Amino acid sequence: MTEYLFTSESVSEGHPDKIADQISDALLDEIIKQDLKARVACETYVKTGMVLIGGEITTTAWVDVEEITRNTINNIGYINSETGFDANSCAVLSTIGKQSPDITQGVDRCNPLEQGAGDQGIIFGYATNETEVLMPAPITYAHLLVKKQSELRKKNILHWLRPDAKSQVTFKYKNGRIIGIDTVVFSTQHKESITQDVLKEAVMEEIIKPVLPNKWLTKNTKFFINPTGRFVIGGPMGDCGLTGRKIIVDTYGGMSRHGGGAFSGKDPSKVDRSAAYAARYVAKNIVAAGLADRCEIQLSYAIGIAEPTSIMIETFRTGKISNKSLINLVRNIFDLRPYGLIEMLDLLRPIYLNTAVYGHFGREEFPWEKLDKVDELLQ
């Protein structure tokens with residue numbers, strides 16, 4: 001019998017890297033609203049009192065970069081100097097250029113179905129039946145903890161909470177099945193006036209206990225709440241933030257491999273993003289169909305080429321049919337060409353700001369989470 005621990009972390013919308021992701025995706029959404037043919041690669045850097053936006057954007061749209069940036073920061077909750085960052089007074093700088101025409105000639109085609117990939121890349125998708133949303137439990141519950149913190153903060157139930165927060169959950173497994181939660185780490189930015197005793201009790205009673213299933217909490221579960229004892233300075237004042245620096249938080253919490261490409265700020269012609277969504281869609285439908293308990297898929301692409309250069313599936317000895325048979329099913333059922341997967345998942349819509357926090361996967365509001373291929377896989 002094999003026992004092991006597995007840990008995943010998440011961060012809140014007020015974490016500096018997530019501020020950057022949200023700004024990049026807010027700008028992407030506004031561009032897509034106006035121009036479905038836009039090519040967007042938008043990067044954001046945040047530090048005390050400043051936001052720097054760069055990248056390559058080719059579009060007929062006009063967007064107010066400064067207004068969108070300030071509104072995004074304001075919605076997160078950085079509304080005055082007390083929080084360490086002020087949406088109204090921070091500097092907003094833009095160094096946006098246009099996409100290279102060398103890339104454009106490899107991507108755009110007269111026949112949309114022959115649209116080439118926007119870059120080379122390797123992409124992974126994953127699903128497991130250990131939770132109802134077919135996601136790994138550690139990342140699922142890490143997300144739920146910081147999401148709960150945000151809800152309590154925005155409803156002013158815990159008035160001393162500030163936007164920046166982090167969670168980390170360690171699950172204990174036996175023979176591949178969850179048998180308990182070993183360790184919970186939760187750190188939240190707070191007002192200076194709150195005492196640590198009050199903070200720790202409130203976090204335990206209002207955040208941790210309502211979120212984590214009681215069946216997995218034992219007398220041996222360890223809890224570390226604001227373990228440094230103080231978290232007043234947070235957000236961009238505490239650390240600089242960059243788009244695309246939380247790629248494991250965005251995906252499967254480390255339980256699946258990652259190709260290295262970030263998501264936020266990229267339009268769907270970038271397979272780093274769109275093919276990762278398609279790979280999750282494929283893996284989730286395979287698991288939902290009962291063809292495997294766990295499924296990881298790797299896709300690869302070449303710039304300017306429509307068809308994937310490779311498809312690999314691994315089911316970790318849980319597959320009900322061979323991996324080769326699964327690959328054949330995937331090739332026959334799913335259109336994994338760049339234009340095909342954009343159409344399949346209806347990706348040319350302003351849906352990306354909501355993906356930028358609390359994970360891109362395991363959330364039913366997103367089209368790559370639908371289970372409409374299960375019956376076809378079983379035929």
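Every residue, even glycine, has its Cβ placed from backbone N, Cα and C.
Record features (Swiss-Prot):
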BINDING   His15, Asp164, Ala165, Lys166, Arg230, Phe231, Asp239, Arg245, Lys246, Ala262, Lys266  ATP binding site
BINDING   Asp17  Mg(2+) binding site
BINDING   Glu43  K(+) binding site
BINDING   Glu56, Gln99, Asp239, Lys270  L-methionine binding site
REGION    99-109  region 'Flexible loop'
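Features recorded in Swiss-Prot, as mapped to the structure shown.
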| residue | record | DSSP (3 states) |
| --- | --- | --- |
| His15 | ATP binding site | coil |
| Glu43 | K(+) binding site | strand |
| Glu56 | L-methionine binding site | strand |
| Ala165 | ATP binding site | strand |
| Arg230 | ATP binding site | coil |
| Asp239 | ATP binding site | coil |
| Lys246 | ATP binding site | coil |
| Lys266 | ATP binding site | strand |
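Remark: Asp239 (ATP binding site) has Pro16 as non-local neighbours, by Cβ distance under 8 Å and separation of at least 6 in sequence. Listed binding-site residues near Glu43 (K(+) binding site): Glu56, Lys266 (candidates His15, Glu56, Ala165, Lys246, Lys266; Cα-Cα distance within 10 Å). Whole-number maximum of the Cα to Cα distances across the ATP-binding residues His15, Asp164, Ala165, Lys166, Arg230, Phe231, Asp239, Arg245, Lys246, Ala262, Lys266: 36 angstrom. For Ala165 (ATP binding site), the nearest of the binding-site residues Asp17, Glu56, Lys270 in terms of C-alpha separation is Asp17. Comparing local CB density within 10 A for the binding-site residues His15, Arg230, the maximum falls on His15.
Note on proximity: among Asp17, Glu56, Lys270, the binding-site residues of the record, the Cα nearest Lys246 (ATP binding site) is that of Asp17. Calculated from their C-alpha atoms, the gap between His15 (ATP binding site) and Glu56 (L-methionine binding site) amounts to 25 Å. Neighbour counts of Cβ atoms within 10 Å were compared across the binding-site residues Asp17, Glu43, Glu56; the minimum falls on Glu56. Long-range Cβ neighbours of Lys266 (ATP binding site) (same chain, at least 6 residues apart, Cβ-Cβ under 8 Å): Leu28, Val40, Ala41, Cys42, Asp272, Arg273. Distance between Cα atoms for Arg230 (ATP binding site) and Glu56 (L-methionine binding site): 40 Å, as a whole number.
Rounded to a whole number, the C-alpha distance linking Glu56 (L-methionine binding site) with Asp17 (Mg(2+) binding site) is 20 angstrom. Mean model confidence for the region 'Flexible loop' (99-109) is a pLDDT of 57.
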